[in-house]
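Encoded as structure tokens, the structure appears first; notes follow it.
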Ligand SMILES: Cc1cc2nc3c(=O)[nH]c(=O)nc-3n(C[C@H](O)[C@H](O)[C@H](O)COP(=O)(O)OP(=O)(O)OC[C@H]3O[C@@H](n4cnc5c(N)ncnc54)[C@H](O)[C@@H]3O)c2cc1C
Ligand SMILES: NC(=O)c1ccc[n+]([C@@H]2O[C@H](COP(=O)([O-])OP(=O)(O)OC[C@H]3O[C@@H](n4cnc5c(N)ncnc54)[C@H](O)[C@@H]3O)[C@@H](O)[C@H]2O)c1
């Protein structure tokens, strides 16, 4: 079977990839490199490379970077426009690079259009240029990602001032007043970004506790930093209604039964994302989905049709680019390797919220370790007090803290929360230590470069603030 060029009415290939996300494109490149014929179908010509480089991780981190460079004398609107333009230039560079990277392979064909399954081996594609095409393949990889959830709050979906993260990142207009609904990854990052650009940001988080999954001391430190940046954080906020006026909109919410209003120029829902399976025709393919639309997969990412795999956000796993990448490792191991790799092999998976300084975490929190009945030691130090880390002073970022949760019996690292400069890099070293069962003592006694942030590990794991008493043996 050979893949033909775009423009024909029917293509057949060894592998069909639906969606140009991280997992799909990585698998397409690897499979194409072995000479297998691959057709990759991507709905939008603006999305080659998927969410992450176009409307997700990369542009949002670009905006974190630019927002930090604004000086008091810069006009906020003008500075914002220039930042958006620079970030969109990077996006264009990456989008093109992603396209060329795949189409440069002789055995890979990229088709631009929306794919809909018509049977377990075939999709019909409505191409962007109006044409239609069918693609048939032995093996199919579904990598269609996720889309933002907009809550069903009266007035919200119809509001002229509603902007999703994608729309906000692409808009050249800086909102003067921004309401963010939700206090998760997106909410925290966008609050920090827009406040720095000069918007007045209010975050409406529905939980009584800010960052409920983090330990209270870590959540408090994050809150102190955002408060210091000028972000208004309201916890326990139930949004009731959004009422548009001529030039702005009023968000009506209540806290503990008392009604409040907030008038803003833009409302960003940061209330999670759901798998993008609507209208994909999965029923025609015999692929089962869960209630939230996620494609059901086994530990090898095979769906209810064994020749169809689902990778990335669409399979309902953790929604991160590096998880989609790891999904491609599992699928490639099935198709080209020994077939041993599974989702259960991941162990500790790190995460980073890219506020400034970033909050990076891995493994168990203190509250989770306690709930699991472990005998633990807790080490913690504020960044400004870490003598072994002069870099924090050198780069004028001494905010935050570092915390380790250790197994008191084995000295193994159970988890860490690093709210500090360079935390997005540091957490990967801790992850490697957890994965390879390197003890806290070894982490402490390793030689690190100077002056680096990693040097903090020479000190913080011995700053024990709590140790559970030894368990009594009878
Ligand atoms: C603002 C924001 C910031 C983020 N920041 C980070 C971060 O810092 N770090 C991190 O790890 N993660 C981050 N994420 C999450 C990360 O972007 C996603 O987890 C990741 O991109 C998911 O990749 P994927 O492989 O599942 O698919 P995606 O990259 O979402 O790709 C799916 C593709 O499929 C296409 N598609 C959908 N339906 C069809 C169809 N029927 N036919 C053809 N094509 C179709 C879509 O157009 C899209 O291009 C962020 C997300 C957002 C929104
Ligand atoms: N740095 C990163 O890795 C990064 C950055 C941004 C986004 N992401 C990914 O994108 C996904 C989407 O981000 P997100 O922040 O929207 O999701 P999230 O799941 O992290 O947070 C959603 C928040 O919205 C709240 N919420 C949900 N429904 C609500 C409602 N009706 N009213 C009020 N609050 C409500 C939840 O309690 C939660 O705090 C995340 O799952 C994450 O995996 C990752």
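Keep in mind that glycine also has a Cβ here, set from the backbone N, Cα and C atoms.
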Residue among 101, 104, 113, 272 sharing the NAD(+) site, where TrEMBL lists 182, 183, 184, 185, 186, 187, 188, 189 as binders: 272
Candidate from 292, 298, 313, 326 that TrEMBL assigns to the same FAD site as 61, 144, 145, 146: 313
Cβ under 6 Å from ligand 2: qualifying binding-site residues of 61, 145, 146, 182, 184, 186: 182, 184, 186
Most crowded position, judged by CB atoms within 10 A, among 182, 272 as binding-site residues: 182
Cα-to-Cα gap, residue 52 (disulfide bond) vs residue 145 (FAD binding site), nearest whole Å: 10
Neighbour count (Cβ, 10 Å) for residue 146 (FAD binding site): 21
Close in space, distant in sequence - residue 313 (FAD binding site), Cβ under 8 Å, 6 or more apart: 21, 51, 145, 146, 273, 275, 276, 319, 324
Recorded positions close to ligand 1 - of 182, 184, 188, 450, only those whose C-beta is under 6 Å away: none
Per-residue Cβ crowding (10 Å cut-off), top of recorded positions 52, 186, 188: 188
Residue 61 (FAD binding site) and residue 188 (NAD(+) binding site), distance between Cα atoms, whole Å: 12
